[in-house]
Amino acid sequence: ISPVPPYSREQPIFTTRAHVFQIDPSTKKNWVPASKQAVTVSYFYDSTRNSYRIISVDGAKVIINSTITPNMTFTKTSQKFGQWADSRANTVFGLGFPSEQQLTKFADKFQEVKEAAKLARDRSQEKIETSSNHSQESGRETPSSTRASSVNGTDDEKASHSGPAEAHLKSENDKLKIALAQSSSNVKKWETELQTLRESNARLTTALQESAASIEHWKKQFSACKEENDQLRSKIEELEEQCNEINKEKERNVQLSRRLQELETELQDKELELEELRKQGEIIPQLMSECESVSQQLQAAEKKNNDLEEKVRTLRTEVEESKHRQTNLKTELKNFLDVLDGKIDELHDFRQGLSKLGVDN
């Protein structure tokens, strides 16, 4: 049963998603989940009645249909949970939100709608008081005008004063008739709306009773499923333990087989090393004889090397001495060349002198 008929003028003004709960009617302490998962929760505004409602539907089941009044209060009981009491539905609704920000937005909207409902109620009371004051004033004006017409002056004066008063009274009476007609039509409309609300409340009560019965049925099934689940869990745990033991044994066998393969490989390597050592042991005498011949050759080579070194030292000494003698020869040759140059110069001067003497002679 939809709480918002298609012909209604109610429009959603705010929508969010939350987990819906209701207070346990027997204990008045524990919360009973009204929805299996998060559902849509909306504020609706009725322009004809000037009223606000919180409505939430889970599939075909109405789980919240709460008209907001100025006396209601939304209370935050935790960072993600809030509640409010609905005296008309005789229950307490609770909402669990996925985040603190969504809870804050819902609470702010609740306060805003509450203030709007209070303002609408005050305006309706002012209209009722204004209409009652108009009716009282019109009732008081009628006898005063008649008294004035009966007491004051002559017949001409009475005729002159009675015309405007009657016109005023007629206009006031017309206004009162219109107000009464409107009030009667409003009363009929309110009676119709009241009857509609009673019918919807009856349907909601039936739906709530059915939902309570279904909740009990689902509770029993849930407990049975929980017990079966616990049994299956215990069996699964036992099987997991057995599987763990089997896996451990498999791991041990794998480790032992790996170790056995490693030992076999090491044994083969050792056998190969032993065979090589045996082969090497067979050629040791030959190697020893070769070593003796090599040592003799080495001694001979060392002796030759010593002789060569001695010759090299001798050659080096001779080279040093030849270098020294060459240096001395170069010095003596330079001195000789210098003396020769001097002699050549003297001979050249002597020749020039002889040439000069020959010319003079």
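For all residues, glycine too, the Cβ spot is worked out from N, Cα and C.
TrEMBL lists 173-325 with the feature coiled coil. A mean pLDDT of 83 is what the model gives for the coiled coil (173-325).
Annotation source TrEMBL lists compositional bias 'Basic and acidic residues' at 117-129.
What TrEMBL records for 130-153 is compositional bias 'Polar residues'.
The domain 'WH1' annotation in TrEMBL covers 5-117. Helix, strand and coil counts under DSSP for the domain 'WH1' (5-117) come to 18 helix, 54 strand, 41 coil.
According to TrEMBL, the feature region 'Disordered' maps to 117-171.
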